[in-house]
Amino acid sequence: ESEGGLYVCMNTFLGFGREHIERHYRKTGQCVYLHLKRHVIEKVPGASGGALPKRRNAKLFLDLETNSDLNNDDFEYEDEAKLVIFPDHYEILLPNIEELPALVTIACDALLSAKSPYRKQDPDSWEEELQASKHAKTLVQLDNGVRIPPSGWKCSKCDLRENLWLNLTDGSVLCGKWFFDGSGGNGHAMEHYKETGYPLAVKLGTITPDGADVYSFDEEEPVLDPHIAKHLAHFGIDMLQMQVTENGLRDNDIKPRVSEWEVIQEAGVKLKPMYGPGYTGMKNLGNSCYLNAVMQAIFSIPEFQRAYVGNLPRIFDYSPLDPTQDFNTQMAKLGHGLLSGQYSKPPMKSELIEQVMKEEHKPQHNGISPRMFKAFISKGHPEFSSNRQQDAQEFFLHLINLVERNPVGSENPSDVFRFLVEERTQCCQSRKVRYTERVDYIMQLPVAMEAATNKDELIAYELKRREAEAARRPPPELVRAKIPFSACLQAFSEPNNVEDFWSSALQAKSAGVKTSRFASFPEYLVVQIKKFTFGLDWIPKKLDVSIDMPDFLDINHLRARGLQPGEEELPDIAPPIIIPDDPKGIYYFSPDSLLYFLVALDIDESSVMQLAEMGFPLEACRKAVYYTGNLGAEVAFNWIIAHMEEPDFAEPLVIPAFGEVASSGAAVFGAVGLDNQPPEEMVAIIISMGFQRNLAIQALKATNNNLERALEWIFSHPELEEESEPALDMMDMENNANANILAETGSEGPRIKDGSGRYELFGFISHMGTSTMSGHYVCHLKKEGRWVIYNDLRVCASERPPKDLGYIYFYHRIPS
């Protein structure tokens, strides 16, 4: 933020505030800057009732853009531009063709006429003006007696109740097209147009007294219908009786779950706005509420506050020449905006009196707009860089991954989330076991639907819903399944079947079960309720449930115990390579023997489905889990991020020739290459966890390129971490944005902050809608003894926090 305007370096075209320009000059020696300053002429009431101009300086350069709406009728501008020559601060007013070289004049003109980078990065948010349809005036409507009810709609050609369109010629209600995220419909509305030629349709659920969403199949674009009220009245729809839908979201996000939206956002309750440090809202940039909710929760944690806001001066001092591309700078800036209180100030009394006198209410211009942060953190990511809604859990893991890769100071704030999971796999026939450990950051709880305590009410509701559907009546009031938290915890602790389990004790396939326990308890426990699943048709759906999440949680009984007396370990023998009788499946071809070989794979399908739910191609998910040795969805996710730009990313998994996999596939086949050189992909996975390259190579070589055992070897040899080569530290320094900070801290492996398993709830993120790819996110946090709701820019004291409807919960450890 700068009261003195924006200084743009004419060599690098980077912008700086007045308080940073001197440091940039001293650091780079660049001496020519374009100084931009905007003066706002604000209209204020005059004695005669007119508007008198009042001039004041505008905060032109806002790294943390406030949400002030200066683009309205209350303001006019005067822009001032001049060249400033350092170190004497010699100023040349622009335009000045006589004194300046032509090249400088051209550069200045290009800068002054350039479009905003935010508008460039977010083109979809600038809507084009709709044109009236050429069919609107002459549309013929059939007098067939069709009347459309106010709710309870269903596609006339299938069972879908979402994304429905009313044809304005014959009154047919049909589903729209299918979307990439599994939502949408079966395209029956388009098929109907091709059969009949009836051109216009209106989307049900978007009808309000102000208009509706109309689409012209013939013109192939959204259009305006100036006669929409008349056309709807033909089918018994009175526009004046229709209600406005909130947030401009699709009807399939709102209509089926009205109560969910109302309860989570605490609608109908007068909420008291909160102001000051830690009570700053964040502007929704267009389906960015998932980012807002996660970052509010992250910066409520003291470790993240200390790491970024507490180190803000050092981070800024050691930031690179282009701070827009530095993760730690962007995190520090965002954290300062949320915690400083500068962007969360109560209205002045004079403003309130003016509003009362004018009998109008203007929203307060508080909060920050995290455009630069979103642009950086989503750079190169196919989903987060879009304007589509995303999964908050997926974004949380993406953020943690970036925190791990960009250390700041001696404290890694993501340590507070990290814990070890012990997985016990048992052969059901031989009763022998294998214990392995993996790193995780989220406890994923399954929803135990079979344990619902209101089954009779659910059955009665389903019967009423079907009757209302058959009679085309409005659906009954929603009945939500009530699931005890203890049942979900029990489901988490129960053994799961391992598909295609190969027993090294029997040297054959057998039945196997896997049980997960906590090898360590984190400082902060993040619990995700697995509400999103796949239906029988493989379309993602959301389980609408209420779970009695406790304020105090004790999971000490889930502590791992390791190998117990009387248990016998499974032999460490890899599955054999066999010749297949059936050419189907995953195999590789050996040109030396001219034979196909089948590999006995053990791909963790649960991890595959977790990744698929994030929107990645199924084959890519299978390859990620396969190449990371079944170490879990988080490790496989890192593999996906590292390989998603490859041309064969989504191609089916095919094992290369035997000679090629002697080293790269050693961990999977149990084979040893000629030189036992660790595969680069495994080295990259270990490096992404925070270890150095030489240590990763040494661990893999010592464990015959077995990824799981390599991690165990590293944890059992902590003294080797201190023997890291200085040259590797220098390589890291060159590639790290905050190299000077990193140089002071050295490199350490993942640290585990183990302790008691007793926790207290301090926050939760809730989701409204039918899919992670749509809907809306809201965050509730407990601060200073009371709950606060963070709904994008709106920050208020919570009156009825919906703790039973959350999606992601945040617990902190209770000191023992």
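Including glycine, each Cβ sits where the backbone N, Cα and C put it.
TrEMBL does not curate its annotations; it predicts them automatically.
Quick look at what TrEMBL lists:
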type	residues	note
ACT_SITE	Cys289	active site, nucleophile
ACT_SITE	His776	active site, proton acceptor
BINDING	Cys155, Cys158, Cys175, His188	Zn(2+) binding site
DOMAIN	131-239	domain 'UBP-type'
DOMAIN	280-814	domain 'USP'
DOMAIN	602-643	domain 'UBA'
DOMAIN	677-717	domain 'UBA'
### Least buried by Cβ count (within 10 Å) of the recorded positions His188, His776
His188
### Query
Which whole-number value in Å describes the distance between the Cα atoms of Cys175 (Zn(2+) binding site) and Cys289 (active site, nucleophile)?
28
### Task
Compute the C-alpha separation of His776 (active site, proton acceptor) from Cys289 (active site, nucleophile), stating it in Å without decimals.
6
### Query
Do you know the mean pLDDT across the domain 'UBP-type' (131-239)?
85
### Task
Go ahead and report the DSSP secondary structure tallies for the domain 'UBA' (602-643): helix first, then strand, then coil.
30 helix, 0 strand, 12 coil
### Query
Long-range same-chain neighbours of Cys289 (active site, nucleophile), Cβ under 8 Å, sequence gap at least 6?
Gln389, His776, Tyr777, Val778, Asp792
### Summary
With neighbours defined as other CB atoms within 10 A, the best-packed of the binding-site residues Cys155, Cys158, Cys175 is Cys175
### Query
Taking the mean position of the Cβ atoms of Cys155, Cys158, Cys175, His188 as the Zn(2+) site, which residues outside that list, in the same chain, have a Cβ no more than 8 Å away, listed in sequence order?
Ser156, Lys157, Asp159, Leu160, Leu164, Leu174, Gly185, Asn186, Gly187, Ala189
### Query
Can you count helix, strand and coil residues in the domain 'UBP-type' (131-239) using DSSP?
16 helix, 23 strand, 70 coil
